[in-house]
Amino acid sequence: MSVRELVVLGTSSAVPTRHRNHNGYLLRWDGEGFLFDPGEGTQRQMMHAGVSSHDLTWICVTHFHGDHCLGVPGVIQRIARDRVDHQVQAAYPAAGEHYWRRLRHATSFGDTAVIVRRPVSGDLVEWPAGPVTLTARPLSHPIESYGYRLDEPAGRRMLPGELARRGVHGPMVGELQRHGSLTLPDGSTVTLAECSAPRPGQSAAFVMDTRLCDGVFSLADRVDLLVIESTFLSAEAELAAAYGHLTAAQAGRVAAECGVRRLVLTHFSERYSFDDEPRFVAEVRETYAGDVIVARDLMRIPVPKRDTAPKRAP
Ligand SMILES: [Zn+2]
Ligand SMILES: [Zn+2]
């Protein structure tokens with residue numbers, strides 16, 4: 001069965017706290033495993049979450065502040081030690097190549113050849129990644145930072161009632177899907193369009209350290225799942241602006257304007273405790289009425305079920 005869920009490994013910005021590990025997020029998507037921003041302690045959090053090094057197919061680093069990448073050495077050395085035998089792609093800002101090299105070869109270990117570098121530069125980078133396209137776009141932070149997005153291509157879902165009505169069954173269904181039309185025994189022709197309906201692709205976006213900028217809105221546009229930093233509440237908006245971060249209110253505004261289906265807030269300043277979580281939700285609710293989750297370590301958050309309802313006219 002295909003699994004599409006976010007496994008939250010850590011939710012703290014800058015420094016870990018007693019209740020929150022440094023960042024770390026695994027997005028499981030069918031057979032792929034996208035590990036975003038492995039901060040310090042990610043390897044152990046993976047163990048707590050029941051995630052194996054063999055589950056990883058991509059490591060995506062938004063930028064080279066420690067809370068987003070200090071887990072890279074441990075994760076890569078674990079991949080080597082566990083003899084992971086499939087390729088693991090590693091995307092990161094090309095401007096931080098020197099940091100990548102230090103993290104990649106931080107200590108002496110029996111190295112692995114499965115890590116494939118995918119340095120990111122420019123305004124838009126796309127890679128095929130199993131069943132999805134992975135996109136990177138620049139964000140706005142004191143050092144170069146990129147956000148990521150996954151898109152499943154749109155497809156079609158078969159309509160069993162219509163297939164039965166036309167007498168299409170067994171191997172004929174596969175033939176109809178492959179060729180787009182089929183000649184029935186009575187000589188009539190049935191088309192794929194008659195027996196199927198459009199199936200929108202699913203999507204997810206991962207937006208870490210940034211101010212509001214075009215990249216944020218492009219990445220979040222109509223995604224099913226948006227994981228976004230909300231380091232501060234609005235009372236600290238000046239700090240957020242000074243250090244290149246978002247407030248919960250801004251994250252909510254992004255979700256509302258972009259038509260996001262499920263919003264996950266994370267990357268919290270250590271000044272906040274669990275008791276402050278309702279304040280984050282309240283700020284989001286000023287603009288966004290959809291599903292909002294304040295992430296905690298080791299949560300598992302499903303990608304919402306496919307939205308097959310006909311789209312309303314804007
Ligand atoms: Zn950070
Ligand atoms: Zn940062």
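Each residue, glycine too, has its Cβ placed from N, Cα and C.
It should be emphasised that the depicted structure is a prediction, and the values quoted were computed from it without experimental measurement.
For 21-216, the entry in TrEMBL reads domain 'Metallo-beta-lactamase'.
According to TrEMBL, the feature Zn(2+) 1 binding site maps to His63, His65, His141, Asp209. Just so you know, the Cβ of Asp209 (Zn(2+) 1 binding site) picks up 26 other Cβ atoms within 10 Å once every protein chain is counted.
Here TrEMBL flags Asp67, His68, Asp209, His267 as Zn(2+) 2 binding site. In sequence order, Ser12, Ser13, Ala14, Val15, His22, Asn23, Asp37, Gly39, Glu40, His267 constitute the residues six or more apart from Asp67 (Zn(2+) 2 binding site) in its chain with CB-CB distances below 8 Å.
DSSP assigns Asp67 (Zn(2+) 2 binding site) to a helix in the three-state reduction. According to TrEMBL, the feature active site, proton acceptor maps to Asp67.
Within 8 A of the CB centroid of the Zn(2+) 2 site residues Asp67, His68, Asp209, His267, the other residues of that chain are Ser13, Ala14, Asn23, Asp37, Gly39, Thr62, His63, His65, Met208, Glu229.
Checking the binding-site residues His63, His65, Asp67, His141 against ligand 1, the ones with a C-beta less than 6 Å from an atom of that molecule are His65, Asp67. Sorted by the number of other CB atoms within 10 A, the binding-site residues His63, His68, His141 start with His141, the lowest.
Cβ contacts within 10 Å of His267 (Zn(2+) 2 binding site), excluding its own Cβ and spanning all protein chains shown: 30. Of all the Cβ atoms in the protein chains shown, 22 others lie within 10 Å of the Cβ of His65 (Zn(2+) 1 binding site).
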